[in-house]
Amino acid sequence: MSKFIEPSSEDIKIEQLYKDMGLSDEEYAKVCDILGREPNFTEIGIFSVMWSEHCSYKHSKPFLTQFPTSGEHVLMGPGEGAGVVDIGDNQAVVFKVESHNHPSAVEPYQGAATGVGGIIRDIVSIGARPINLLNSLRFGELTEKQNRRLLRGVVAGIGGYGNCIGIPTTAGEIEFDDRYDGNPLVNAMCVGIIDHDMVQKGTAKGVGNSVIYVGLKTGRDGIHGATFASEELSEDSESKRPSVQIGDPFVGKKLMEATLEAITFDELVGIQDMGAAGLTSSSSEMAAKGGSGLHLRLEQVPTREQGISPYEMMLSETQERMLLVVEKGTEQKFLDLFDKHELDSAVIGEVTDTDRFVLTYEDEVFADIPVQPLSDEAPVYVLEGTSPEYNETKNDYSSVDVESVFDQLLQHPTIASKRYLYEQYDQQVGANTIVKPGLQASVVRVEGTDKAIASTIDGEARYVFNNPYEGGKIVVAEAYRNLISVGATPLAMTDCLNYGSPEKKEIYQQLADSTKGMAEACEVLSTPVVSGNVSLYNETRETSIFPTPVVGMVGLIDDISYLNHFNPSVGDTLYVVGDTNDDFGGSQIEKLLYGQVNHEFESIDLSQEVRKGESIKQAIREGVASHVQTVGKGGLLLTLARISAHYQLGLQAKLSVTNAQLFSETQGRYIVIVKNGQSLNCDYAVEIGKVTNDQQFKVTNEQSEIVRDVKHLNDLWEGAIPQCMTATD
């Protein structure tokens with residue numbers, strides 16, 4: 001008789017328990033076909049997480065194949081824990097972005113903290129030392145108490161984990177819109193550095209080689225976390241707090257250092273983080289990639305409490321754990337290393353030649369599954385999509401009250417300074433951060449060299465909602481411009497696709513069209529996709545989030561001396577690069593004045609993006625530019641205001657645009673500040689003004705004049721979010 005009391009195979013079938021785990025009738029039937037029998041409780045649990053949307057990408061896989069994944073600098077693309085890109089001198093940059101949306105909606109502190117911990121382990125599992133963290137966040141409007149609570153918890157969780165483990169958080173972006181009420185997006189990105197010959201893979205091969213577990217003891221936290229992340233949020237989601245993992249950054253730090261030492265051992269065969277789906281995904285994926293079988297003896301798994309069943313062990317998402325495959329006979333060398341770092345570890349199995357994934361507990365078999373079908377035969381769904389109907393009524397911007405709109409947009413949390421939030425993050429630990437949060441890209445020195453890695457993270461929603469294909473191109477181009485703005489050469493990107501339910505025709509079409517646009521932009525801008533993540537079913541009470549693809553991009557600065565002059569001063573000249581048109585679809589002014597965003601906008605010219613980018617990058621490298629800012633949310637006027645407030649400098653500019661166009665969000669534009677006595681050599685550049693010493697922000701056009709004291713401007717910009725967050729609940 002089994003030591004554990006669990007539903008029988010017959011119970012699972014008759015009571016349709018598989019549906020509670022997220023499997024359909026058809027998927028259950030497919031499992032039965034693969035096994036040649038009805039699955040037991042542990043087996044159906046394993047299939048349910050491996051075939052969940054979060055792990056299998058069953059609705060998005062056809063679209064992901066569009067992305068270019070190879071290129072001049074790519075050493076390792078999708079399929080491993082993170083992408084690896086060459087930066088010269090036998091070094092590479094390793095990076096990836098992941099979502100932790102559903103857990104953060106239920107338990108914001110732990111949801112965000114474990115999102116940070118998980119992405120760090122992805123980078124470490126490749127063998128890289130993390131050098132910085134980034135994040136992309138979305139919340140509902142801060143007028144709502146619930147959204148303020150979520151924001152506080154998420155920011156505290158990000159800072160709490162990153163600060164404790166000793167990795168600086170150097171860049172990010174946050175936007176606010178009521179479409180994210182109760183359904184925040186928390187996307188975390190990590191960047192690391194590695195030597196070429198130290199790159200590791202998550203593979204299990206070599207018959208007889210041993211499987212070693214290391215890290216926190218397994219508990220019952222996070223069981224079915226992958227399944228939870230693959231369903232819509234509902235009023236019952238609060239009851240799923242046990243599906244949210246608990247992070248321990250102090251153990252995370254020990255595990256990181258131990259892992260980075262373990263990768264120097266020649267006897268290491270493969271290594272993988274135990275992330276989504278825990279021991280199930282790490283072990284079965286390693287076996288599949290190695291073309292091997294595995295036998296795990298689950299009584300050897302370190303557990304936090306007695307009585308944890310094989311089902312619970314395999315589906316637990318206890319944090320701070322790694323799985324290694326090491327050469328037979330060298331186990332003690334690794335166990336001694338982990339003992340030195342005060343980590344629990346154990347040999348829990350071995351590689352076999354059976355091509356079967358076998359789990360036993362004290363010789364009782366709890367699972368016997370063919371490896372390849374579990375990993376490779378998850379269902380893939382190609383559905384029918386429908387383009388949404390848009391409101392074709394043309395909004396009138398002919399009588400815009402410039403003064404009122406300017407003050408309101410400057411203080412909207414999406415545009416306002418985020419200093420109140422990012423000051424909770426340690427930005428300098430490691431002492432290699434050159435450009436800190438507040439600008440569009442971070443710059444971190446590659447230790448011991450004159451090189452630096454520039455990194456940025458950028459998401460787009462309203463444009464993607466308005467026109468998914470063009471919006472997909474825009475989000476890639478925005479990240480590209482952010483790297484150009486610090487003089488970096490963009491190398492490659494990672495993506496996180498945040499959408500609602502793909503089973504709804506309009507959302508499925510948004511996913512299809514936006515990924516097509518992203519793929520096209522990647523090709524033209526030479527930024528292949530080397531890693532990524534998909535997060536679907538981001539819906540609450542039948543309301544879907546905006547489709548929100550997020551792009552993390554890295555670039556190389558081959559000589560950090562380029563940035564020595566990067567600080568504007570009085571007498572410098574202002575240029576705008578790129579034309580301004582009537583582009584209000586999806587803009588901040590459209591949302592402010594009309595309460596909705598559903599109008600078309602002009603298409604983006606990707607070939608122009610490349611030409612402008614090369615000219616601006618050259619200006620930075622030649623010491624001509626003292627600051628570069630992409631024109632983003634709120635348009636030209638708000639971009640100039642942010643520069644003035646950020647540097648506490650007066651600006652005087654005259655713009656050849658209408659009042660409404662002051663707030664237009666035409667793509668492909670930059671503000672370039674050029675050193676006094678220099679000029680900008682760029683076909684698309686127009687001189688518009690100067691940096692002044694009178695502490696006045698003054699912008700004029702044919703119709704209006706906006707004048708603000710810089711201190712007052714800064715007080716409004718810096719004070720907006722603190723004022724929202726200290727509102728009486």
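Heads up, the Cβ atoms here are built off N, Cα and C, so glycines get one too.
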Matching residue for the substrate site, where Swiss-Prot names S99, H100, N101, H102, R121, Q245, E317, T318, Q319 - out of S531, S535, S544, S561: S535
Kindly point out which candidate in D20, D495, D572 is recorded by Swiss-Prot as part of the ATP site with Y57, K96, G532. D495
How big is the Cα-to-Cα gap, in Å, between Y57 (ATP binding site) and H100 (active site, proton acceptor)? 16
Enter the number of other CB atoms within 10 angstroms of the CB of E317 (substrate binding site). 32
Looking at the binding-site residues K96, N101, Q319, D495, which ones sit with their CA no more than 10 Å from the CA of D122 (Mg(2+) 2 binding site)? K96
Determine, from DSSP, whether N533 (Mg(2+) 1 binding site) sits in helix, strand or coil. strand
What binding-site residues in the list E98, Q319, N533 lie within 10 angstroms of D495 (ATP binding site), counting C-alpha atoms? E98, N533
Out of H54, K96, H100, R121, give me whichever of these recorded positions has the highest number of other Cβ atoms within 10 Å. H100
